[in-house]
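Per TrEMBL, the features are as follows:
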ACT_SITE  D426  active site, 4-aspartylphosphate intermediate
BINDING   D426, T428, D868, D872  Mg(2+) binding site
BINDING   D426, K427, T428, E547, F594, K617, R651, T732, G733, D734, R842, K848, N871, D872  ATP binding site
DOMAIN    41-106  domain 'P-type ATPase N-terminal'
DOMAIN    894-1144  domain 'P-type ATPase C-terminal'
TRANSMEM  79-95  transmembrane segment
TRANSMEM  101-119  transmembrane segment
TRANSMEM  302-324  transmembrane segment
TRANSMEM  357-378  transmembrane segment
TRANSMEM  929-946  transmembrane segment
TRANSMEM  958-978  transmembrane segment
TRANSMEM  1008-1030  transmembrane segment
TRANSMEM  1050-1069  transmembrane segment
TRANSMEM  1076-1095  transmembrane segment
TRANSMEM  1115-1138  transmembrane segment
Amino acid sequence: MSGGRKRKLRLSKIYSFACCKASFRGDDSQIGGKGYSRVVFCNEPDIFEDGVKNFADNSIRSTKYTLATFFPKSLFEQFRRVANFYFLVTGTLAFTKLAPYTAVSAILPLIIVIGATMVKEGIEDWRRKKQDIEVNNRRVKVHKVDGTFEYTAWKNLRVGNIVKVEKDEFFPADLLLLSSSYEDAVCYVETMNLDGETNLKLKQGLEVTSSLQEDLHFQKFKATVKCEDPNANLYSFVGSMEFEEKNYALSPQQILLRDSKLRNTDYIFGAVIFTGHDTKVIQNSTDPPSKRSRIEKKMDRVIYFLFCILFLMAFVGSIFFGIATKDDFQNGSMKRWYLRPDDSTIFFDPKRPVAAALFHCLTALMLYGFFIPISLYVSIEMVKVLQSIFINQDIQMYYKEADKPARARTSNLNEELGQVDTILSDKTGTLTCNSMEFIKCSIAGVGYGRGATEVEKAMGRRKGSPPIHEHDIESEAGKIRGSLDKKTLIKGFNFDDERIRNGQWVNQPHADVIQKFFRLLAICHTAIPEMNEETGNVSYEAESPDEAAFLIAARELGFEFYKRGQTSLSTFELDPVSSNKVERKYKLLNVLEFNSSRKRMSVIVENEEGKILLLCKGADSIMFERLAKNGREFEEKTKEHVHEYADAGLRTLILAYRELDAEEYKEFDNKFSKARNLVSADQERLMEELSDKIEKNLILLGATAVEDKLQDGVPDCIDKLAQAGIKIWVLTGDKMETAINIGFACSLLRQGMKQIIIHLDSPEIQALEKDGDKMAIAKASRQSVLLQISEGVAQLASYRGSSQKAFALIIDGKSLVYALEDNMKNMFLELGIRCASVICCRSSPKQKALVTRLVKSGTGKTTLAIGDGANDVGMLQEADIGVGISGVEGMQAVMSSDIAIAQFRYLERLLLVHGHWCYRRISSMICYFFYKNITFGFTLFLYEVYASFSGQPAYNDWFLSLYNVFFSSLPVVALGVFDQDVSARYCLKFPLLYQEGVQNVLFSWRRILSWMLNGFISALIIFFFCTKAMELQAFDAEGRTAGKDILGATMYTCVVWVVNLQMALAISYFTLIQHFFIWGSIFFWYLFLLVYGAMPPHFSTNAYKVFIEALAPSPSYWLVTFFVVISTLIPYFSYAAIQMRFFPMYHEIVQWIRYEGKIKDPEFCDMVRQRSLRPTTVGSTARLAAKAHH
């Protein structure tokens, strides 16, 4: 539409419901009271009162830190972790005489680890800061002086400013709409960023300001707005505006919210009411719930366990030390004469053994701190970030059509992806495309449309039809595709029937009814046409995908809506007499809009012949009862077709009309106009009553059927997830019939599966609903739901012995209200868990969240919620993992999710491949961290025992400090990023691998303790073999024996070799990087020994030239290293070989068949797959198995 045409367009009469100029007196009375104290002086930004009010500025900040708070807040976050706090305490104590090592060597590793984490936090926060800068510096036109508007940054806006927002721009703050490019101050707004909905909303300013359409009109504009204080309610606004000494009530209809976008309107003028953090969208933005994976929580418990071991060792050692110290000096004889007990400090004083023991305990706590892996947390964070990058970069999860890759929005939950027990999924837009296609219709009792839906194909399979039937459906669909391919494929239109297309409908028996049917589709709507000036094609901005599909169908079949005027609609229609397209104009008198209680919409138009027609479309449950006696000619046939369409998974609407005489319409219009202009809370109710009276005695035309297609790959994905042992619950707002049939289409349901249906459609409850006694209805409903759940549990119990019998639970929203009550929810959950599939129909957003919470808390296992709309946000935030589909319902779900993907089918790869790998990597990584630290720390304890608990470390200070940072950490990081037990192909070929994560077999206490035991055994072998090999004989050719420095360096060398070669034995998938890190860590140890030993003695202390002068020239050093390392690794190698041969885990079986080359042997692969821990009861595989069984 051109700008000129818009200026002359008045739409206030068209949108009778949406644009009502209501003001609620009851609300006005609250202004000035508590919560309603805001006063805004429009176009007076420098007024004194604004300064006093101290309103928020319009800049926003989403960062966690500021420059001033970064260091204190970040340090506080780091030292909340008990391990880091422990190292801080020991680092502080290192400055005292108690320390067994120098303070610098203790503090430096902590600084490196804390510093690395703070740098990561800083980088993440800087990214948020850059986003804030970009938003805050967006530009908008603001009124300066004398009617001139100049561009300024969003952050400079102040309450009371007048702004001019142009087409396709975002609103910079919450604005009061004053006027627009339309004369009656209406504008179209897209609220996708607020509520996820893509349909346009209509807003309208007050009539008194609608004439302010030029920049110069604001030269002397002044107004005062009194309204509510900032709050989070998106859909309410209470206020009044004083303009030219008159008060005008304001409603949400005049408010334009920040972050929504102006569409189909050249420009608007608005006054800034709320800015920055006072705006409703920011008030609604809550921090996402803090989610931590189960492995991370368990890791904390393991660290507490290690602390207990550490304290126990220190306590026991201190007791022995105290006893030995007490016995040091008795009757003038000294046992440990080298400690000079006759002239000792308090630390070794035989006269004060208790004090000496206490001080020794503190020294031991510092020394044994190497049991706790200081770099564990930072290494895991680093690994998770790198894992997230691999997920983001996976080309197999990139959706080319929409140019959308997978995106891990948080890296905290990577390993949780490998432990999902239950998936809770939305249907529309998640399992289906939310892209409607007009596929069938019933007109005058005759069904039209040859298309075959996904559900119909599934129904053919489910009814056990022979393969020929499916072939027929496929060939029929092929013919349709072929005929459609001759033309350009049209989005929203998948209809083919030679009886109607190409103008052939004129030859049908009821051609007049067909004409009225498609004319109704072209006229009964609230869409806006947009003409492409280059091609001449018309596209439609509609409130829903269904409405757009109807308009496209009408256009393709000869009834093209192309223009909306002030109070008129224009179409091009096929004239049945001349077979030419003719223009027809309809005077638009009223639009009675759709809402959830009416379940229908109507338009009242006057045609060129002067006839007044009411055209209505709505749900079958509402429409059939509104038909006139003479309008039911095609009722039975239409009902049959509607039932068939619902069975085929199609969404249906009934179309009907009636002709109004002039007097009847005049009476209605008078009453309706009075009701519309009524300033009362009863306004909406009165308008609905009047609409209800006129929408009666209708004449049936027929029914439409549109398909919301399943997304590509959904059935195969569900089948793979089911084979992996994952349970799937579908939570949808759709009616039961549609949800059930979609369930059959994607193989969640199958023929032969026993359906337990819980609903409240019994005659008794319907009778109570007619009486309207709410208490009686609630009581009867509660009893009915309880009885149905109890019967379902009984049915399951009776079939407990039959492994082949699968059950599906289907429950509607009304029943769910009662099923989620405290006294019933556990029984409902038990029933749901024991069923193969669960489908909750007509679920509200709150119910979706409550069901998710029930499953999460009730099962205690990992839940994943997946959805695409704003109505799924609660569910996504409540689940352990929230996955957002970046589909057509906006980005609200994605913004609230932990991981975003473009299609449901990518969930298969996300969980079975990346989830399995991440779980295995993180589990192995943590176990290995504990192993390497126990191996190192326990050698320190054994040396302590050997040296009569003297508090002296076996190793040089810097050997101690750098063990975790340089000599053993990088290989474990490489393991966490690159290791694969099996390739992605085998993860998908053998989905049961996934159960290792669900059952947590790789991070069970048994596995953790076995790795710890391996660490203790390794430490024992290293210590005793080294000490026994070196203590009694000469170490070098000159006959010198090994001292503490030589023994310590030799033991340390063995530890470095053992922990790195242990890593090499544990890895399943070697890469060049892993080779580099493992051999590089060992090489770096020798390099460090050379460089550090070459430093002056006051710095290198007992490591001075120890390698060059003592270790390297001595053959015994190399022999001891070789034999000790081999001996230490033999127990693990033997255990791993025996387990692999006789007690293999599932991934080891898959590794074995790949190694043996049996991967192409179908019988052997099937045998491996059938080693199931849980029978697969849903999916196409289960369907085929059930078919074969019968």
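Note that Cβ sites are derived from N, Cα and C of the backbone, with glycine treated the same way.
Keep in mind that TrEMBL annotations are predicted by a computer and have not been checked by a curator.
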Stretch contact, the transmembrane segment (1008-1030) with the transmembrane segment (79-95), Cβ-Cβ under 8 Å, 3+ pairs: no
Within 10 angstroms of the residue listed as 'active site, 4-aspartylphosphate intermediate', Cα basis - binding-site residues out of F594, R651, R842: none
Listed in sequence order, residues with CB under 8 A of R651 (ATP binding site) and six or more positions away: M436, D546, A705, V706, E707, D708, T738
Within the predicted model, mean pLDDT of the domain 'P-type ATPase C-terminal' (894-1144): 90
Segment proximity, the transmembrane segment (357-378) to the transmembrane segment (958-978), 3 or more C-beta pairs under 8 Å: yes
Max CA-CA distance, Å, over listed ATP-binding residues D426, K427, T428, E547, F594, K617, R651, T732, G733, D734, R842, K848, N871, D872: 29
Of the binding-site residues listed as F594, G733, R842, the one whose CA lies nearest the CA of D872 (Mg(2+) binding site): G733
Rounded to the nearest Å - Cα separation of R842 (ATP binding site) and D868 (Mg(2+) binding site): 17
By Cα-Cα distance, the member of binding-site residues F594, G733, N871 nearest T428 (Mg(2+) binding site): G733
For the domain 'P-type ATPase N-terminal' (41-106), residues assigned helix / strand / coil by DSSP: 32 helix, 2 strand, 32 coil
Whole-number Å value for how far F594 (ATP binding site) lies from D868 (Mg(2+) binding site) (Cα to Cα): 24
Recorded positions compared (D426, D868) - highest count of Cβ atoms within 10 Å: D868
Other CB atoms within 10 A, centred on N871 (ATP binding site): 25
Listed in sequence order, residues with CB under 8 A of F594 (ATP binding site) and six or more positions away: R600, M601, G618
